[in-house]
Amino acid sequence: MAYLIDIPFEYFSSFLGVHPDQLKLLFCFLSAYPFAGILKRLPSAPWIRNLFSISIGLFYLIGVHHLYDGVLVLLFDALFTYFVAAFYRSSRMPWIIFIVILGHTFSSHVIRYIYPSENTDITASQMVLCMKLTAFAWSVYDGRLPSSELSSYQKDRALRKIPNILYFLGYVFFFPSLLVGPAFDYVDYERFITLSMFKPLADPYEKQITPHSLEPALGRCWRGLLWLILFITGSSIYPLKFLLTPKFASSPILLKYGYVCITAFVARMKYYGAWELSDGACILSGIGYNGLDSSKHPRWDRVKNIDPIKFEFADNIKCALEAWNMNTNKWLRNYVYLRVAKKGKRPGFKSTLSTFTVSAMWHGVSAGYYLTFVSAAFIQTVAKYTRRHVRPFFLKPDMETPGPFKRVYDVIGMVATNLSLSYLIISFLLLNLKESIHVWKELYFIVHIYILIALAVFNSPIRSKLDNKIRSRVNSYKLKSYEQSMKSTSDTDMLNMSVPKREDFENDE
């Protein structure tokens, strides 16, 4: 059967000029929809639902992609995590699991780098599982701590007992997100597989308690297919390798940046398509359910991984990153960024750099990843400085109401964000060190020069001067508001009030 199933993929591959494994991946994306519909209608017994999820996941890996060794890789990571988390009760437990699982994922990237192939391998699934397993380890660790030491997010994610092995393997091989994500925490899977996330919707007169999700699921499916069609069309018109040609090198600088932005946008379409398709299957299965909105309609964004509109029109780096690969960003934030920082202290540049370094290792071994993510760490720091020390001048003194030029600030921010990210993404796409540096050189290293200048400015006395001006505006506003409130206060009320001095406002932080 393993060979018979290849026949239609090889036939259409020669007909369409597409690699068979790409067609297999598309088949898995689309077939996940009817399988998700079946999963949703299975008896509510968790063991049945878990076994079905595991069976379809193994069918994709072994039956479709023939990744026999890959299944062993995933099983090793899963069982190592499960037993270490269960029996090693130490504060070092989550770090040991994190290092081993990330290191194993990185070693798979190294092997793929040394022996490149167009065939699908296990690394993509291993990357997804890396997020799930390391998050699982932290959830087990948090479950052994007093609630008083946990944040509200950690309390919700904490596991007070080790789950049944069947539940855990169902989580590992959950088929709608097995190949390209999205990743999510174990508690979400358990609440889904036991149907407890739907209990508030239960109707004693209806057999099915999960809300209907066919319409939003099909919406994601059509959008995903549209993005993939646009990617195939756009990549033939705006090929990435054009950036390495003499024609690109001889183009005017504005035309170069325009081409870079379009090329980066076309490259993103592939990710938009894959993530929309997998999100649709998750929605149809029910795990995408995220409660009710203010109109009492179901929300389907629990495992949403991308918001193309928010990303493309983001007016700052923070908003852009929050809209891209959203579940990976949640993982990086909750299980790297916040965990690296010492308890009681706010995360700083160390956490930022550690997060982007882990992100680069998680993506692969190619130099382009490290060029992108290390540069992104610095540009995110510059964006924080800008938001903290420049943005207030475009707000009214109450620091909430937009000033007359706030819209101009937002437009400039949107253009700068898109240009900066497109510039940095080039090395992520090219991967090769020499080629990445070559393209950046053709772009005059403008973004990197801006980063250096901005860091120098914000770490000079200029920052203190900006802060003093902001503080002066705020204090003047507070004093003026106080004086106005005094004018509207009766004499009797004033006798019962302690009047603050001007110094109280000047010393206000």
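The backbone N, Cα and C atoms fix where each Cβ goes, glycine too.
Of Val365 and Ser436, Swiss-Prot records each on a different side of the membrane. Ser490 is the residue among Ser148, Ser476, Ser490 that Swiss-Prot labels phosphoserine. Per Swiss-Prot, the listed range annotated as transmembrane segment is 15-35 (candidates: 15-35, 120-140, 162-182). For the transmembrane segment (247-267), the most Cβ-contacting stretch among 15-35, 56-76, 95-115, 411-431, 442-462 is 411-431 (pairs under 8 Å). Note on the transmembrane segment (224-244): residues 26, 29, 259-260, 262-263, 265-267, 269-270, 272-277, 279-280, 308, 426, 429-430, 435, 438-439, 442 of its chain, located 6 or more positions outside it, place their CB under 8 angstroms from a CB of the stretch.
Secondary structure at His363 (active site), as computed by DSSP, is helix. Beyond the topological domain 'Lumenal' (1-14), the same-chain residues lying 6 or more positions past its ends with a Cβ under 8 Å from any Cβ of the stretch are 20, 23-24, 27, 62-64, 66.
Shown for the topological domain 'Cytoplasmic' (36-55): DSSP residue counts in helix, strand and coil, namely 16 helix, 0 strand, 4 coil. Same-chain residues lying 6 or more positions outside the topological domain 'Lumenal' (77-94) and placing a CB less than 8 Å from one of its CB atoms are 100-101, 104, 126, 129-130, 133-134, 136-138, 140-141, 144, 162, 165, 168-169, 172, 339. Sequence-distant neighbours of the topological domain 'Cytoplasmic' (36-55) (same chain, 6+ residues past either end, Cβ-Cβ under 8 Å): 166-167, 169-170, 173-176, 193-195, 208, 210, 213-214, 217, 281-282, 284-286. Sequence-distant neighbours of His363 (active site): residues of the same chain at least 6 apart with a C-beta under 8 Å from its C-beta are His109, Met127, Tyr369, Phe373, Phe428.
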